[in-house]
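TrEMBL has this to say about the protein:
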- 1-24: signal peptide (SIGNAL)
- 122-366: domain 'Peptidase S8/S53' (DOMAIN)
- Asp131: active site, charge relay system (ACT_SITE)
- His161: active site, charge relay system (ACT_SITE)
- Ser318: active site, charge relay system (ACT_SITE)
- 395-484: domain 'Macroglobulin' (DOMAIN)
Amino acid sequence: MKKKWMTAALSSMFLLAAAPAAHAASTQTAAPSGNQQRVLVVFKDRADETLITNKKGHVRKKLKNLPVVTATVPASALDGLKKNPKVQSVEQDVKVTVKSQTTSWGISDVQAPAAWSNGYTGKGVNVAVVDTGIAPHGDLKIAGGTSVVGYTSSYADDNGHGTHVAGIIGALNNSTGVVGVAPDVNLYAVKALDSDGSGYLSDIIAGIDWAITNHMDIVNLSLGSSTDSYALHQEIDKAYKSGVLVVAAAGNDGGSGTADTVEYPAKYSSAIAVSAVDSNNRIASFSSRGNEVEVAAPGVNILSTYLNNSYAGMSGTSMATPMVAGRLALLKQANPTASAADLRSLLDQQVHDLGAAGRDTLYGYGLIQADGATPQPTAAQPAPVLSSATATKLMTGKASYFARETVTMTAHVVNQDGAPVSGAAVQAIITTPRGSKLTGKAMTNSNGQVVFKFLTSRYSVKGTYQVQANTSLTGYTGSSASVSFQLK
């Protein structure tokens, strides 16, 4: 029996009456005719297509980056395939569907204009929208793309969902229509879902595989299912290890209490799971929740691009997810040599903590913010008249940390008399063992202190990290301090 993976969109244009039915969920469809089963076959080493053809099956697709083939085989042959020593797993090729709105309130809520004013617009960053495609639109610049669905070679959108998602990420800042979080990003359309907003799991995997092969920096997955997939999990792991950040919608299944309603692929640790908030920064009623939620973003009545050169308002974690993809594009432009794990850490640090203190099941680490997450470009300025001096001290919470621990760095700024200096700008620069640099900037409090946090993960590079803090304040001489810590 085939399953559908469905897009969950709540559209203010045409789905208001049916909004409850639009929540992300897998639905059943009839089995293929002739008792044929459409499956994903994951091999332990190299893909052996003869195992399929010898059982009177048909190979439909073969991946480039993993030993996985999509095939149609007789139901009677499934047991033999599963038991073959060359085969890791055989699973149903389920269908996936989307999760589904001037400057949208959401763009302002995540402080994207502050990043633009600092010169960061996503320029040079490649983002793949694995969805229903992207339609031609006066407010969008499509850099390229592909179609992995069987019925068309065009990546043009025939549903609307993908075009809406694309606009949230990168609608042009051209004084007309709407503007995206990263208006100068390179948008790539990967059509993996059909005109109904659904598609086969194998097409989603093929779309991610295309993104890896074509050197995408970020993949947006505004889709999901309640069905786990070994093949999809492996593909997303492969993407992350290849330096590609995968952002996925948590789902539109709501929830209450401690119930975990996060869907796949957002459940996978190599994907960034996104929940949705409303204009009051409260968790949206439809938004899934659970331990896997990493960050939150606006997802209620978000205005964006749509079919026929128009605009539409939509709601869903589908709308929150591209907010995060755009946010990551700003971070990537600001930190071009940073690894995927380092960029993810920066994303998690630069948030407005909502709900319970720290990470929680509704908002993850919090609502993404772009105002303080990108370093400000330096420009030559005349030297100020100096009237006082500063001294900066920098220390970490401890000398060494293990993966997944949070590194705390405290800078303390005083004047020449040893009194605390408030309102001083402190820029922290972390140099990883591989030489990439991560930056953050904040102001000292009334005690002359500012605290920076660096969230490590199991993918963080082990070794010595160097931290430098540079202090500046008009009317004062600047000062610096440095410290190091070990990640074991």
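Glycine too: its Cβ is placed from the backbone N, Cα and C atoms.
Note that the structure is a prediction, hence the values are computed from the model and not measured.
Feature annotations (TrEMBL) mapped to structure.
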{"residue": "Asp131", "record": "active site, charge relay system", "Cβ neighbours (10 Å)": "33"}
{"residue": "His161", "record": "active site, charge relay system", "Cβ neighbours (10 Å)": "31"}
{"residue": "Ser318", "record": "active site, charge relay system", "Cβ neighbours (10 Å)": "37"}
Go ahead and report the DSSP secondary structure tallies for the domain 'Macroglobulin' (395-484): helix first, then strand, then coil.
0 helix, 53 strand, 37 coil
Hey, how far is His161 (active site, charge relay system) from Ser318 (active site, charge relay system), Cα to Cα, in Å?
9
Any idea what the Cα distance is from Asp131 (active site, charge relay system) over to Ser318 (active site, charge relay system), rounded to a whole Å?
10
For Asp131 (active site, charge relay system), what is the secondary structure state per DSSP, taken as helix, strand or coil?
strand
How would DSSP class His161 (active site, charge relay system) in three states?
helix
